[in-house]
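Remarks on the structure that follows.
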Amino acid sequence: MNPQAEHKTSSLAALGLRAKGGRDATITGLSVDSRDVKEGTLFFALPGTKVHGADVIQYALRMGAAAILTDAQGAQIAAKELADSSAALIIAEDPRGALALTASLWFGAHPETMIAVTGTNGKTSVSTFARQIWIEMELAAVNLGTTGVEGAWTYPLKHTTPEPITLHRTLAQAKSHGITHVAMEASSHGLDQRRLDGVVLAAAGFTNFTQDHLDYHKTFEAYFDAKMGLFTRLLPEDGVAVINIDDSKGPEVVQIAESRGLETITVGRHPDARLKLTGQRFDSTGQEILFDWQRGSHSARLNLIGGFQADNVLLAAALVIAAGGDPEEAFDTLPYLTTVRGRMQHAATRRNGGSVFVDYAHTPDAVATALMAMRPHVMGKLIAIVGAGGDRDTGKRPLMGQAAVQNADMVFVTDDNPRSEDPRVIRAAVMAGALENAAGKSVIEVGDRAEAILRGIDALGPGDALLIAGKGHESGQIIGDDVLPFDDVEQASVAVGALDGDL
Ligand SMILES: CC(=O)N[C@H]1[C@@H](OP(=O)(O)OP(=O)(O)OC[C@H]2O[C@@H](n3ccc(=O)[nH]c3=O)[C@H](O)[C@@H]2O)O[C@H](CO)[C@@H](O)[C@@H]1O[C@H](C)C(=O)N[C@@H](C)C(=O)N[C@H](CCC(=O)O)C(=O)O
Ligand SMILES: Nc1ncnc2c1ncn2[C@@H]1O[C@H](COP(=O)(O)OP(=O)(O)OP(=O)(O)O)[C@@H](O)[C@H]1O
Ligand SMILES: N[C@H](CCC[C@H](N)C(=O)O)C(=O)O
Ligand SMILES: [Mg+2]
């Protein structure tokens with residue numbers, strides 16, 4: 001906890017907020033949840049997907065809220081309670097944006113160099129590689145996202161892009177631990193809800209754009225627009241946009257960035273890419289890459305499985321350069337990069353040489369990419385274990401089954417966080433997509449994930465490989481409201497032990 005932020009007070013005026021009737025108040029803390037309100041809190045009553053925070057203003061006032069910030073609708077909902085109270089009222093057109101800016105002023109300090117990455121897949125990978133490059137360059141760096149805060153300082157997080165109060169508190173804490181460089185993930189939910197507004201970015205990256213999260217955004221257009229907020233709203237005029245030009249949306253992102261006059265660094269195999277991947281050769285433990293930067297040719301060994309990891313690594317290197325890093329120094333670190341936890345991670349090897357990898361592919365594109373990426377490293381057959389999450393985009397389920405069967409030789413369909421849904425219904429949707437495209441390949445439904453892993457590993461012969469997709473670094477299986485301990489890497493070695501005897 002940042003002591004300064006926890007014990008401080010501030011006037012509304014010092015936070016840049018103007019209350020109705022010019023009323024000021026002494027604020028002792030910020031909250032978006034009425035249940036956390038204490039004496040002196042500024043409560044942000046936000047419109048939500050389930051309720052409007054204004055519905056609970058009455059409760060926040062009873063707990064001692066000194067001020068309420070809400071939108072016009074919220075002020076109307078709680079008009080009577082607000083009129084009867086001495087708390088200051090701020091009405092904002094964009095209350096989530098106001099929350100983010102207020103949180104950034106409240107916590108104040110943050111590391112001096114910050115970058116953010118958006119895209120459907122690859123955010124955690126790119127931000128982790130950027131952090132690893134900085135650390136190899138002897139800078140005090142962290143990545144912040146799905147896997148928490150990792151690097152020179154570690155801290156757990158619940159969200160990929162935490163809500164602004166948590167985000168700015170975490171950044172202030174990072175600063176107090178001596179962190180100077182942060183690579184963070186900008187999720188589409190986070191961008192849509194303005195969670196990152198108020199973060200000052202040196203550079204922003206775009207990985208790719210494919211289907212996910214349509215449960216929340218409803219349309220591809222809305223999902224893309226949310227992601228583009230990173231370039232249209234968040235990145236300052238002097239920030240640099242780093243864009244994967246090989247993605248079909250890449251040129252559009254370049255246009256969006258250039259229409260604001262932003263400097264761009266394009267990355268990819270495309271002939272015009274500023275950081276251009278020109279060659280790639282795979283072997284059983286990784287790959288050699290060739291790339292061009294400003295008329296100079298470079299080569300590097302990557303101890304990473306999967307062709308797409310080269311895209312992620314080069315995007316990370318370009319972000320480091322965009323944020324002021326020396327290019328040659330950044331390129332020299334590439335052979336030292338290590339697997340991102342739960343992403344194409346080698347988990348176990350059978351006595352017969354069959355190998356097991358754990359990956360976080362949880363979108364149709366990621367399942368296809370991950371499996372295709374394994375092919376050049378695998379001599380024998382490729383087996384996939386796949387499942388889809390409950391209470392998430394339902395449209396992606398059959399497409400994930402299809403992507404698995406089209407790119408593997410044998411598929412097991414199993415459970416992956418059914419949450420409040422009936423797991424059989426989720427599996428049926430994944431199975432339908434797989435069976436429709438099976439073309440004679442074997443597709444087997446095994447609900448219990450541990451059993452699916454055991455059976456997948458049992459099917460491995462010499463030279464074969466198994467990809468366990470979907471859960472990556474996760475440590476639990478979410479069933480209803482329960483989280484049962486479950487770790488794919490651990491299960492893989494338990495299964496190998498059970499089948500081969502402990503090696
Ligand atoms: C779908 C979504 O993003 N929801 C976020 C949203 O909540 P909401 O709109 O559903 O909130 P609501 O329940 O309708 O309540 C409205 C407001 O009233 C408040 N409230 C509600 C009840 C009460 O008793 N008191 C009270 O004050 C709530 O705190 C909220 O501010 O606003 C809340 C903060 O105001 C967030 O905490 C919440 O994130 C939830 C926890 C969440 O799970 N989000 C996930 C989906 C998410 O953000 N994931 C992304 C992407 C991951 C990926 O890329 O795969 C991430 O960045 O992690
Ligand atoms: N550049 C890429 N292109 C396509 N697929 C990728 C790429 N990078 C990673 N993936 C696939 O996506 C999976 C998730 O990767 P990663 O965790 O880096 O993405 P993310 O964008 O952070 O995901 P989340 O939305 O859950 O935060 C990986 O396990 C891999 O299968
Ligand atoms: N952060 C993402 C990843 C989910 C991964 C998968 N294991 C699932 O539960 O669907 C989400 O919550 O949609
Ligand atoms: Mg992530």
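Glycine residues also receive a Cβ, built from the backbone N, Cα and C atoms like all the rest.
These numbers come from a predicted model, not from an experiment.
TrEMBL has this to say about the protein:
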type	residues	note
BINDING	R392, D416, N417, P418, R419, G470, E474	meso-2,6-diaminopimelate binding site
DOMAIN	26-101	domain 'Mur ligase N-terminal catalytic'
DOMAIN	117-319	domain 'Mur ligase central'
DOMAIN	342-472	domain 'Mur ligase C-terminal'
MOD_RES	K227	N6-carboxylysine
MOTIF	416-419	motif 'Meso-diaminopimelate recognition motif'
Would you measure the largest Cα separation among R392, D416, N417, P418, R419, G470, E474 for the meso-2,6-diaminopimelate site and round it to whole Å?
16
Sorted by position, what residues of the same chain at least six away from P418 (meso-2,6-diaminopimelate binding site) have a C-beta under 8 A from it?
G389, G390, I426, I478, I479
Would you list, in sequence order, the residues of this chain other than R392, D416, N417, P418, R419, G470, E474 that have their CB within 8 A of the centroid of the site's CB atoms, where the site is the one recorded for meso-2,6-diaminopimelate?
H362, G387, A388, G389, G390, D415, K471, Q477, I478
When the Cβ positions of the recorded positions K227, R392, D416, N417, P418, R419 are compared with the atoms of ligand 3, which fall under 6 Å?
R392, D416, N417
I want to check the contact list for G470 (meso-2,6-diaminopimelate binding site): same chain, sequence separation of six or more, C-beta distance under 8 angstroms. What comes out?
D359, Y360, A361, H362, I385, V386, G387, A388, G389, D416
D416, E474: which of these binding-site residues has the sparsest Cβ neighbourhood within 10 Å?
E474
Would you kindly give the Cα-Cα distance separating K227 (N6-carboxylysine) and R419 (meso-2,6-diaminopimelate binding site), rounded to the nearest Å?
26
Expressed to the nearest Å, what is the distance separating K227 (N6-carboxylysine) and R392 (meso-2,6-diaminopimelate binding site) at their Cα atoms?
18
Please report the number of other Cβ atoms within 10 Å of the Cβ of the residue listed as 'N6-carboxylysine'.
24
Which of the listed binding-site residues (R392, R419) has the least company, meaning the fewest other Cβ atoms within 10 Å of its Cβ?
R419
Sequence-distant neighbours of N417 (meso-2,6-diaminopimelate binding site) in its chain (C-beta under 8 A, six or more apart):
G389, G390, K471, E474, Q477, I478, I479
By DSSP assignment, list the helix, strand and coil residue numbers for the domain 'Mur ligase C-terminal' (342-472), in that order.
50 helix, 29 strand, 52 coil
Secondary structure content, the domain 'Mur ligase N-terminal catalytic' (26-101) (per DSSP, counts of residues):
31 helix, 20 strand, 25 coil
